[in-house]
Amino acid sequence: MSALSESIDTLRTNERQWRAFTSTSRRCAVMAPPGSGKTKLLAARAAHDLATAITPPQGAACITLTNPAADELRRRMEALGARRGSVVFVGTVHAFVLNCVVTPFAAAAGLSTGHRTVIASDAQRGSIMRDCIAAVYPDTEDVRAVPSTIARFRKMLATDAEWELAGPRIRSVAELYEQRLAEEQLTDFDGLVALAVRLVEEHEFVRRTLTTRYSRVYVDEYQDLAPGLDRLVQALCFDDTLDCRLFAVGDPDQAVYGWTGSRPELLDELTSRPGVDVVRLTVNYRCREEIVRRSERLLTVDRELTGNRPGGEVRAELAPQGFADQIDHTIAQVRRLASAVPLERIAVLGSTHALCSEAATGLRAAGIPARVKDADYRSTPATMLVERLAAWAVLGRESSGQQLGRLLAAWRALLGPLADRPNQRSLVACLLDQDPDRTAVSFIDQVRALRLDTAMSTGGRPDDVAALAALRATYSGPAAPVELVDLANRSSGRGRVQIMTTLACKGLEFDAVVILGADQGRIPSWLARSSMELAEERRKFYVAVTRARDSLLITYSGFTVNPYGRRFYDGPSPFLHQMNLIPQPYS
Ligand SMILES: Nc1ncnc2c1ncn2[C@@H]1O[C@H](COP(=O)(O)OP(=O)(O)OP(=O)(O)O)[C@@H](O)[C@H]1O
């Protein structure tokens, strides 16, 4: 039986999943809690449609928010045998906007000069923004909030009336900033999204060509789409004169990207539009029942969710000596679990990168191998591919879980026309090289020299260029891991406890989870003041809690310490009371 048939058969066992899988509506929205099989359903539905209902040259676009989530979706679809090719797009919304909307249509619609779109690097954006602020504000004024305010308004595609609310000086800086980018033939992601929305909303030929090519659109994590991206989906999938179907999945209780302008209500708005078939899933297949029961206490509305696996352990432990003490509790927990659970199936989550690296130092000092996600360099398509190539080269197909054909397809997708046949042959030769002296850094250099660097810098991908440089630096510093196997293990995380922020754990699952630092001021963050910000902190914690399949430990001290050593005795996180893990405080 094929992997796709097997996956479809498991969906058959759940009446609601099956209803969504077989929905014949042109627009289907699946609202579902963590672990209820949203991504599984979306991958199976897309793979099945590609095999049975979509005939080339028509294709499909499968869109999600972040690079790791896109990588996971691509992996799941490939495992189901979904065909890959020029008419199937699987990637992030920003990659869709750049490669499928702006690059092919902006010049034809008269909205660009026809030059290649170059995305400004973080450094370029920062420097231009500083210049523009200096041109509008006097030196004496506190301008720290200006860039984030402008970013928020640009992400929400603010109307004239909304810009007026922001004030004339903010608007002037925003206009100057966009003008400077244009003069230097640069753009940024917010500019790209705004341009794509204009192209799709104002030009019928763009809508028609796009929907002829991508006759089905699949969106994972819909609740996290920023408003501009929601407008793109509306323009393509809610125009009855076009033949474009939508299959969207999401969970408003997992909306954690408020700073991008996304709102949890977007998914509710989608489901209340006419002609949308709404399916609500209620079984959490991931977490054992005790974890489901405790996690649901964090929500304001009872969703009547059930777990599908009995048992489970949820504990909160007081570490009275402070954060270092919490790390000791974590070490004890990892040691307790280690005989039964592979280390890579254990996650340690902290609210900030700083807490995560402190935890990694503590675990490593105790002799426990640990990997901090995104600590040294960003997970971009280029760095993730280099890690996967190293895994295949060192561990082989069986142990690495990587297939050469898929790696080459990913290589071609990344390099475009630069990945000609001789280039691919050189890559395979590099992967087959058995030189025992090869280090991680020499492998990285070899792969980058195979036109990877050139493709990234000429292809307008400054994030990948910066991330590749940081990847090299990670393996070339004086105390850096030098072995190629260290790089190879990075993609699977094999043999290492996985440490990451509560934001970065989204979409992942582990047998056991430890959440560190559940103290007021950290969870929720002291920076969250408004009710909207506090609600997002609660959702972030809910996402973290629901990553655990079997056991969950949450540590707290009842106080936090700021960088100057001052203690704040604000008590444990209120979420621990909410989950009924510690008694309610006296009011
Ligand atoms: N019908 C089913 N039978 C058995 N297992 C299932 C079923 N549906 C989903 N699962 C399993 O449940 C787990 C969670 O699935 P998946 O990652 O797709 O959930 P999700 O809803 O996308 O989660 P999240 O929103 O938390 O990221 C996976 O291990 C998946 O294989």
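Heads up, the Cβ atoms here are built off N, Cα and C, so glycines get one too.
Values in this document were obtained by computation on a predicted structure and should not be read as measured data.
Other C-beta atoms found within 10 angstroms of the C-beta of PRO33 (ATP binding site) number 25, with every protein chain shown included. Summarising the annotation, TrEMBL assigns ATP binding site to ALA32, PRO33, PRO34, GLY35, SER36, GLY37, LYS38, THR39.
The annotation domain 'UvrD-like helicase ATP-binding' is assigned in TrEMBL to 11-288.
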Checklist outcome for this item: Quick note, GLY37 (ATP binding site): same-chain residues at least 6 apart with CB under 8 Å of its CB -> LEU11, ASN14, GLN17, LEU281, TYR285
Item to check | Helix, strand or coil at GLY37 (ATP binding site) [DSSP, three-state] | outcome: coil
Next on the checklist: Does any of PRO33, PRO34, GLY35, GLY37, LYS38, THR39 have a Cβ within less than 6 Å of an atom of ligand 1? These are the binding-site residues; tell me which, or none.
Outcome noted: PRO34, GLY35, GLY37, LYS38, THR39
Checklist entry - By a simple count, how many Cβ atoms lie within 10 Å of the Cβ of ALA32 (ATP binding site), its own Cβ left out? => result 25
Checklist entry - Which of the listed binding-site residues (SER36, THR39) has the least company, meaning the fewest other Cβ atoms within 10 Å of its Cβ? => result THR39
Item to check | Listed in sequence order, residues not in ALA32, PRO33, PRO34, GLY35, SER36, GLY37, LYS38, THR39 with Cβ within 8 Å of the centre of the ATP site Cβ atoms | outcome: LYS40, VAL249, ASP251, LEU281, ASN284, TYR285, ARG286
